[in-house]
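Colleague: Sharing a structure here in structure tokens format.
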Amino acid sequence: MKPAHALLSQAASVAPFMPNDSAKCGAPPGCFPSPPPFRLMVFFPAKRAMSATRLLSPALLTLAAAAFAIGTAEFVIMGLLPLIAADLRIDLPRAGHLVSGYALGVVAGGPLLAKLIARQEEKRALSGLMLIFIAGNLACLLAPSLWLLLLARVLTALSHASLIGAAAVMAARLAPPGMAGRAMALMFSGMTLANVLGVPAGAWLGQWAGWRATFAAVAALGLLTLFLIRRLLPTQAGEARSGKPQARLPARAWLALLASVLAAASMFAFFTYLVPTLTQVGGLPEKYASAALLLCGAGLVAGGWLGGRLADGKLERALILTLAWLCASLAAFHLLAAQLAAALALMTLWGGLAFALCMLLQALAIRLAGEAAERASAFNVGAFNLGNALGAWLAGRLLEHGGALAHTSLLAAGLAGLTLLLALFIARHPRDKDHALAQA
């Protein structure tokens with residue numbers, strides 16, 4: 001399949017494009033092709049505009065809506081914890097188990113459900129996962145005690161990894177030629193919007209009508225998303241998926257999942273204590289902490305767009321360069337944390353690099369997984385959540401043992417450095433040995 005963003009000049013005596021080699025690694029057609037050698041290219045703005053229009057298709061926007069619902073359900077609990085603790089007459093640390101319980105549900109849900117849905121047609125699989133999501137939020141609405149609420153949160157989380165993973169693979173498959181990475185970035189933008197819009201709205205609703213009303217609203221959001229899935233997503237007519245449950249992840253795909261764990265650990269080692277670092281080390285007034293996080297959010301949005309574009313090019317090279325810049329920005333933050341303007345600028349740069357890295361790692365896992373792309377995509381979402389918990393725990397242990405707040409950025413830089421070394425190994429490891437290593 002010929003990339004849509006470039007056409008050969010008919011007047012030039014050059015060879016035609018090499019065929020898309022995504023089939024060699026087993027990825028869905030059109031997903032993350034190896035970039036062709038240098039060619040003379042002629043750009044046609046009309047065709048580029050047509051591709052951009054196709055990128056905003058109802059199907060891809062529906063997948064973004066699903067990510068918005070999932071992201072809202074995951075993060076809205078942060079603003080509801082004091083309300084839940086007061087209503088159920090428990091202390092705040094016990095209520096905090098609802099956060100860690102959800103994360104564990106995401107980690108467990110990927111492997112548990114990926115195999116069960118692998119034989120299902122994509123649209124039917126997404127519908128079933130959304131039904132689990134709706135049921136979990138309705139159970140949260142009705143839960144009379146902390147432990148039943150915790151079980152309901154785990155039930156909700158079980159669908160998270162498989163739904164996001166399947167949606168990422170489907171977004172790549174539905175993308176215009178050469179725009180698979182950008183299609184995935186569009187889908188994941190729903191998670192970003194959930195933090196910007198869904199979480200504040202849910203917290204406000206909880207303050208106004210009670211925390212149970214928020215879960216009712218999230219369940220209603222799930223119902224709306226289910227309706228959009230049934231109406232707007234295409235059906236894979238006649239496509240068999242019976243072989244996917246037996247597909248094994250190649251060795252490099254497992255290495256990509258390990259890279260996601262380390263990268264997420266780096267991100268949350270830094271992000272968990274970012275606000276205290278800015279206020280206590282950088283001198284930021286606490287009343288401006290929310291504005292600083294909005295600035296970081298702007299970096300995340302830009303990073304999602306950047307990561308999508310980079311994933312459509314030389315993926316492994318982009319991954320290595322992004323990690324190198326991430327290490328540099330974290331080291332610079334440690335040196336300049338007391339200079340507020342510099343710290344805010346580096347924080348924004350870090351946000352862009354971090355979210356671009358998320359896009360690149362998701363694309364890498366899909367590309368390296370071959371026929372098991374959907375399983376790898378779901379596993380990768382779980383890997384990110386495992387890394388989130390690991391990074392926050394490591395940073396907490398560092399502070400408990402006398403480390404300074406600014407040292408969390410050094411810890412994050414070290415974890416990013418380990419991820420960089422792993423990315424270099426993946427890039428240098430011959431692809432033709434993947435299956436041999438997987439069998440070892």
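For all residues, glycine too, the Cβ spot is worked out from N, Cα and C.
In TrEMBL, annotation is done automatically, which means it is predicted and not curated.
These came from TrEMBL, pasted as-is:
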TRANSMEM  55-85  transmembrane segment
DOMAIN    59-431  domain 'Major facilitator superfamily (MFS) profile'
TRANSMEM  97-118  transmembrane segment
TRANSMEM  125-144  transmembrane segment
TRANSMEM  150-172  transmembrane segment
TRANSMEM  184-205  transmembrane segment
TRANSMEM  211-233  transmembrane segment
TRANSMEM  254-276  transmembrane segment
TRANSMEM  288-306  transmembrane segment
TRANSMEM  318-337  transmembrane segment
TRANSMEM  343-366  transmembrane segment
TRANSMEM  378-399  transmembrane segment
TRANSMEM  405-427  transmembrane segment
Colleague: Could you pull out which residues elsewhere in the chain have a CB under 8 Å from any CB of the transmembrane segment (150-172), counting only those six or more residues past its ends?
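Modeller: Counting only partners 6 or more residues beyond its ends, the transmembrane segment (150-172) has Cβ contacts under 8 Å with 27-28, 30-32, 60, 63, 66-67, 70, 73-74, 77, 97-98, 101-110, 112-114, 117, 122, 125-126, 129-130, 132-133, 135-137, 139-140, 143, 180-181, 183-184, 186-188, 191, 233, 362-363, 366, 373-382, 385.
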Colleague: Counting a contact as 3 or more Cβ pairs under 8 Å, with residues at least 6 apart in sequence, do the transmembrane segment (211-233) and the transmembrane segment (288-306) touch?
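Modeller: Answer no: the transmembrane segment (211-233) and the transmembrane segment (288-306) share fewer than 3 Cβ pairs below 8 Å.
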Colleague: When you check the transmembrane segment (318-337) against the transmembrane segment (55-85), do you get at least 3 Cβ pairs under 8 Å, counting only pairs 6 or more apart in sequence?
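Modeller: Contact criterion not met.
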Colleague: Tell me, please, if the transmembrane segment (378-399) and the transmembrane segment (184-205) are in contact, taking contact as 3+ Cβ pairs under 8 Å between residues separated by 6 or more positions?
Modeller: no
Colleague: Considering only Cβ pairs within less than 8 angstroms, which of the stretches 97-118, 125-144, 254-276, 343-366, 405-427 has the most against the transmembrane segment (184-205)?
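Modeller: Highest pair count goes to 343-366.
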Colleague: By Cβ distance under 8 Å, which residues at least 6 away from the ends of the transmembrane segment (97-118) in the same chain are close to it?
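Modeller: Answer is 74, 77-78, 81, 84, 125, 128-129, 146, 149-150, 153-162, 165-166, 241, 244-245, 374-375, 378-379, 381-382, 385-386, 388-389.
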Colleague: Ranking 125-144, 254-276, 343-366 by Cβ pairs under 8 Å to the transmembrane segment (405-427), which is first?
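Modeller: Checked against 125-144, 254-276, 343-366; highest Cβ contact count belongs to 254-276.
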Colleague: Can you work out the mean pLDDT of the predicted model over the domain 'Major facilitator superfamily (MFS) profile' (59-431)?
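Modeller: Averaged over the domain 'Major facilitator superfamily (MFS) profile' (59-431), the predicted model reaches a pLDDT of 85.
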